[in-house]
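Features reported for this protein in Swiss-Prot:
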REGION    824-895  region 'Type E motif'
REPEAT    83-113  repeat 'PPR 1'
REPEAT    114-148  repeat 'PPR 2'
REPEAT    149-183  repeat 'PPR 3'
REPEAT    184-214  repeat 'PPR 4'
REPEAT    250-280  repeat 'PPR 6'
REPEAT    315-349  repeat 'PPR 8'
REPEAT    350-384  repeat 'PPR 9'
REPEAT    385-415  repeat 'PPR 10'
REPEAT    417-451  repeat 'PPR 11'
REPEAT    515-549  repeat 'PPR 14'
REPEAT    616-650  repeat 'PPR 17'
REPEAT    651-685  repeat 'PPR 18'
TRANSIT   1-71  transit peptide
Amino acid sequence: MNCLANESLNSLKISPFSTSRLLSSVTNFRNQLSFSSKDSSSSSAPFNPFRFFNDQSNSRLCNLRTTKILQAHLLRRYLLPFDVFLTKSLLSWYSNSGSMADAAKLFDTIPQPDVVSCNIMISGYKQHRLFEESLRFFSKMHFLGFEANEISYGSVISACSALQAPLFSELVCCHTIKMGYFFYEVVESALIDVFSKNLRFEDAYKVFRDSLSANVYCWNTIIAGALRNQNYGAVFDLFHEMCVGFQKPDSYTYSSVLAACASLEKLRFGKVVQARVIKCGAEDVFVCTAIVDLYAKCGHMAEAMEVFSRIPNPSVVSWTVMLSGYTKSNDAFSALEIFKEMRHSGVEINNCTVTSVISACGRPSMVCEASQVHAWVFKSGFYLDSSVAAALISMYSKSGDIDLSEQVFEDLDDIQRQNIVNVMITSFSQSKKPGKAIRLFTRMLQEGLRTDEFSVCSLLSVLDCLNLGKQVHGYTLKSGLVLDLTVGSSLFTLYSKCGSLEESYKLFQGIPFKDNACWASMISGFNEYGYLREAIGLFSEMLDDGTSPDESTLAAVLTVCSSHPSLPRGKEIHGYTLRAGIDKGMDLGSALVNMYSKCGSLKLARQVYDRLPELDPVSCSSLISGYSQHGLIQDGFLLFRDMVMSGFTMDSFAISSILKAAALSDESSLGAQVHAYITKIGLCTEPSVGSSLLTMYSKFGSIDDCCKAFSQINGPDLIAWTALIASYAQHGKANEALQVYNLMKEKGFKPDKVTFVGVLSACSHGGLVEESYFHLNSMVKDYGIEPENRHYVCMVDALGRSGRLREAESFINNMHIKPDALVWGTLLAACKIHGEVELGKVAAKKAIELEPSDAGAYISLSNILAEVGEWDEVEETRKLMKGTGVQKEPGWSSV
């Protein structure tokens, strides 16, 4: 050992004297800065120990190899373990170099360890993320009879915070307060951190406010805690207080505040913070990454790329944020290009990056790219990660290939399947395969795999059958999962969805502590089935219960006022939000705009819209829709133009709204302008936008443009297929409509009620009576869809156009549901065409009984009677019409 020590020291050009001085300096430095040791003041070093320690710790000498050489030299000189200062210094060097095993061996050789040496071990374990070992050593320290000091408590509380061990944290925190160490800065910051991570932000905030001299680290810890607890208001308030006070924000502060702006998509305030960052010169990689994340989450990818390009050496987080931003913006090809550049840059890719690029490929038009990414994932070994496997399952599900999703799931081992079974159940749900979801859940139980509240909630979200829902309900009662708040909420949502509102309300009442999500879900359930009074009453019950409604609950109540237009109720809710001071949120603002638009109060809707803190496509869409419904097409287009001119990229929902407005206008040029904008931003391939384009051109009478719009859609969905069928039907092209319908079925799509309206309408317009009967029967027999009055209207129209009026009457009388006024009105119109007076009288009488305020039935009957010269009855009909207060709408011309 002596030879080894001499040789090594000579090669490093370190003399024994220098070694002793170095270790002594280390000891003095650590004692003065970290351990508050009384012995540190007694050291009489002939040189500046701070400068010497800093020089050596920043050099190549501060590593494991050097530390072992120094230990060998000190052993040769018999200085270990008898020299306490040198032993502690060497212990600290082992800790700093990351070799805690060697540090533990050295600690065991110390004849009389003290609190300082114990602190070195506890801090070392914590520093190298060996948090459980840090807690064990803290317990060992008490077992050895040493009394912990502020350094001990600060380190062990930080370890508890990282482990998220609430019980042990509680014990240590109580003991810290009892021993009177809570006022030390190192303990205060650790307490703030542990309370924040254990969802006790109020306690963390109290510790912070009680602090006599909070440093920047304490400020950053409380701001990060507020961010972690999604208390964004506290983040901004603390940041403002910090800026006007004596503490100067650093890069960590700016990163936290920018993250809060990104979460709320507060671009305007984020730009203010960015300006302050530039002014202070705090643009490091962490802050720039936070700025990139802000722009990406707000949909401003050009600005995000500009900031990203200025980062000298982007980290893996920086690359991943850019990739995720393009994915969120539906720009999959840019996301793949970023991923390609990232691989060439040499940055180490992590599982978050991989899941982001996989998510970008989750669309029917990117099957080839999805396969290539999957192959790379398999080759690189990332497929062993559960989160990556879950992303692959979701990707194939969204691409429309649920079989490949299932294959990925089956290729996993039991542990991985346990972790992501919820993802598979959700994928089955999105692919409308509830049977497979139920079988998978049953298999989990049979194989002994653990089921939790997430598995049950995923399954309940799939079900639309009350009997199966009751079976799952029974399982939750047996397993005790029914006590979980999310499971209880999912159960009563299922009952509500299946039309069993009474059972749903019973379950709702059985939940002891209802959160806002429960109240909002029950209110939405009442709203869905038209129970306006009950929904509003439930909101009043919530207030009486002492629960303060959040934005989601208030938005649900406003949706009730929108679905069943009730302007007075809506104004009352708006007044409540103003009094409560919660009227500034984007979600609530959008709900208010939608409510006022649906209730016809467009002036108030525009006032709320103009006061929104940020431009919002959802609110814009609601207002455009309101303008369109009330004939203010030009106002809708002006609003759309203002949004585009401001540089805001409209989403598919806003585009669909303006296309519906264009379809209601008489100017095809407006629709063409919108189409040009859609082509420019690349949304023509989106199914929802393509369907709206198709419908617009159909109303303009351009069937060729309808076909072009359909051909541009990447992976047309059922809505797009149905829109094309309806377009052909509207233009009397029955054969083409039926060909599209058959092609749709060949592609694997199952028709719904709306699809059959288009099919039956095509048959009626083409006079295809037998085909109408066939498809009406197919609805029930092949797809289990019960026909509604709108389907029967098409059937009566087909019979009426073919002159089979008595058969149409017999068909109406044998309907499984009560015919409405439109059914009888359709027969009446056919009687007018074929001059069938007596049957026309019967049809008119039925239609007037059902809709006495509809002028159409009176006018049609009057015209039939006039054509056969029965003027007395014409006069009687007109008197009846006048007596009921019905007036014919006057004609108008745009010429």
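Quick reminder: no glycine exception, Cβ is built from N, Cα and C everywhere.
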Quiz item: For the repeat 'PPR 6' (250-280), what are the same-chain contacts with Cβ under 8 Å, counting residues 6+ beyond its ends?
Solution: 216, 219-220, 223-224, 226-227, 230, 232, 235-236, 239, 242-243, 286-287, 289-291, 293-298, 300, 586, 613-614
Exercise. Count the residues of the repeat 'PPR 11' (417-451) that DSSP assigns to helix (H, G, I), to strand (E, B) and to coil, and report the three numbers in that order.
Key: 27 helix, 0 strand, 8 coil
Self-check item: Secondary structure content, the repeat 'PPR 2' (114-148) (per DSSP, counts of residues)
Solution: 26 helix, 0 strand, 9 coil
Quiz item: What parts of the chain pack near the repeat 'PPR 11' (417-451), using Cβ distances under 8 Å and only residues at least 6 beyond its ends?
Solution: 386, 389-390, 393-394, 396-398, 400, 402, 405-406, 409, 458-459, 461-465, 468, 479, 481, 750
Practice problem: Could you give the residue numbers and ranges of same-chain residues that sit at least 6 residues beyond the repeat 'PPR 18' (651-685) on either side and whose C-beta is under 8 angstroms from one of its C-beta atoms? | Solution: 331, 365, 617-618, 620-622, 624-625, 627-628, 633, 636-637, 640, 643-644, 691-693, 695-697, 699-700, 702, 709, 712-714, 894
Quiz item: Mean pLDDT over the repeat 'PPR 6' (250-280): what is the value?
Solution: 90
Quiz item: By DSSP, how many residues in the repeat 'PPR 18' (651-685) are helix, how many strand, and how many coil?
Solution: 27 helix, 0 strand, 8 coil
Quiz item: With DSSP, how much of the repeat 'PPR 8' (315-349) is helix, how much strand and how much coil, in residues?
Solution: 27 helix, 0 strand, 8 coil
